[in-house]
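Colleague: Input: one structure, supplied below.
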Amino acid sequence: MKLGRNRWIVDDFRDENGDDEVDDCVGGQISIKSHDNQVDHVLPPQSTIESKYFDDDGRPKRSGTVLTTSAHIITAVIGSGVLSLAWAIAQLGWIGGPCVMLMFAFVNYYSASLMADCYRSFLGNRNYTYMDAVRSNLGGVRVKICGLFQYLNLFGIAIGYTIATSISMMAIHRSNCFHKSGRKKPCHTSGNPYTIMFGVIEIFLSQIPGLDQLWWLSVVAAIMSFTYSTIGLGFAIAKVAESGTVKGSLTGISVGSVTQTEKIWRSFQAIGNIAFSYSYSFILIEIQDTIKSPPPSEATVMKRANLISSIITTSFYMLCGCMGYAAVGDLAPGNLLTGFAFYDPFWLLDIANIAVVIHLLGAYQVYCQPIFSFIEKLASKHYPQSRFITREINLQIPGFQPCYKMNLFRLVWRTVFVFATTIVAMLVPLFNDVLGILGALIFWPLVVYFPIEMHIAQRKIPKWSTKWVCSRLLSVFCLMISIVAGIGSVAGVTLDLKAFQPFKITY
């Protein structure tokens, strides 16, 4: 080991041949041990270390690849929103539904590609979060506005996924009840126990320190998302084959089945649902921060993962949404697997809903880790001397090498967060309305506006040039879509609240 220009350069660490060995479990510092197990050097966390153990910013070596990055994205994108696509297409029809889906797929892929170039600043420094990227490229009050939208949205997604999980668990209970009773009983059940169960499991999963240590959960969740999407697609294909007809119409649900006003509101809400089902740019920087250092560059890996995941998710969305609408028509439920558009075989329906639950366990963590990290960094910055915030207790737990560092502040704060999302989910269990509002709220600012503004600032695109004008027009167009979707979703919530009772999730 030698001291380079303003940084520690660690040539090699071998623990069997008398060379130095790294022990990164010493109170948040990095200690270098010699062969006689004596600590020769203790480097503060701020030191920059370049070795096979550490990246250029002094953090532990990142190991993300195109595969793991794609898994994170697919876990984030193919969520419970895919199950509402048949309902969304039913509101828009065979023309509007697929066109809107393809439009959102293109916009999200384009904005994600712009975001991938924002991970590294002009000087090569890393931006660890979405807010860091906005601060580096735009600065000013827009950083706070970005943070407000991003973390409010992530909190809302956590609530939406908690609601979706309880609905899937209730659907499993109801499916088995229908099977036993021959569909002669209503088989109503309360969702509160299932919501609480989901919250307890998430409290334990939330103690995993960071997103880079959740890669295995993302892989499992991605597999589960394909499982339930494939089963839903299979149910739809089987029903179309059985009836021999393709249901639905070119313009969607007809006036008469609903009023003209409801038709408009539902169409707007459907646009919001589709926008939500595609959006993930607001956690892209956090996902990109798990990719191993160049070569190839993090941006190159992320763009490849974006392309792969966009093709996969769009294909699945088109298949699941269109085949679901073809099977059920204008009566498509808000959730294809829990609205009982299909009943048999009941065990396959149960497997699909179990896959939904497992997937949402992972997706919840992918979306919440940025909030956890933000608050913990903020607390450390403002109270650096507080032992409650900074102290870590080393625990030997299988799967965590060399040890698991339990932080009391992390334990308390993350538990309180999960508790809060669970309580709100029990208070307002309106799944489709939550999806629509979230889609409208986040789509323009986080998916379109900030990526375009950062791209313009980063590349120094001249005003009134062709690229500048086209980018602005795209931003204005997407703003109009967000406003329309927001109006429809708020109208939907207003109608549903008339028959709503807090803490009474029944199915």
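Backbone N, Cα and C atoms are what each Cβ position is placed from, and that goes for glycine too.
This is the feature table in TrEMBL:
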DOMAIN    63-493  domain 'Amino acid transporter transmembrane'
TRANSMEM  66-89  transmembrane segment
TRANSMEM  95-116  transmembrane segment
TRANSMEM  151-172  transmembrane segment
TRANSMEM  214-238  transmembrane segment
TRANSMEM  307-326  transmembrane segment
TRANSMEM  346-367  transmembrane segment
TRANSMEM  411-428  transmembrane segment
TRANSMEM  434-452  transmembrane segment
TRANSMEM  473-495  transmembrane segment
Colleague: Does the transmembrane segment (151-172) come close to the transmembrane segment (214-238), meaning at least 3 CB pairs under 8 Å for residues 6 or more apart?
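Modeller: No, the stretches stay apart by this measure.
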Colleague: Give the nonlocal contacts of the transmembrane segment (66-89) in its own chain as ranges (CB under 8 Å, at least six residues past its ends).
Modeller: 97-98, 100-101, 160-161, 164, 211, 215, 218-219, 221-222, 225-226, 228-229, 232, 236, 248, 252, 270-271, 273-274, 276-278, 280, 283-284, 287-288, 290-291, 301-302, 304-306, 308-309, 312-313, 316-317, 320-325, 327-328, 332-338, 341, 356, 359-360, 362-363, 366-367, 431-432, 435
Colleague: May I ask whether the transmembrane segment (346-367) has at least three C-beta pairs under 8 Å with the transmembrane segment (95-116), counting pairs 6 or more apart in sequence?
Modeller: no
Colleague: Under 8 Å, at least three CB pairs between the transmembrane segment (151-172) and the transmembrane segment (473-495) (pairs 6 or more apart)?
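Modeller: The transmembrane segment (473-495) and the transmembrane segment (151-172): touching, no.
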Colleague: Report, as numbers and ranges, which residues of the same chain sit near the transmembrane segment (346-367): CB under 8 Å and 6 or more residues beyond its ends.
Modeller: 72, 75-76, 78-80, 83, 154, 157-158, 161-162, 164-165, 168-169, 171-172, 175-176, 178-179, 198, 201-202, 205-206, 208, 211, 214, 217-218, 220-222, 224-225, 227-228, 231-232, 234-235, 283, 287, 337-338
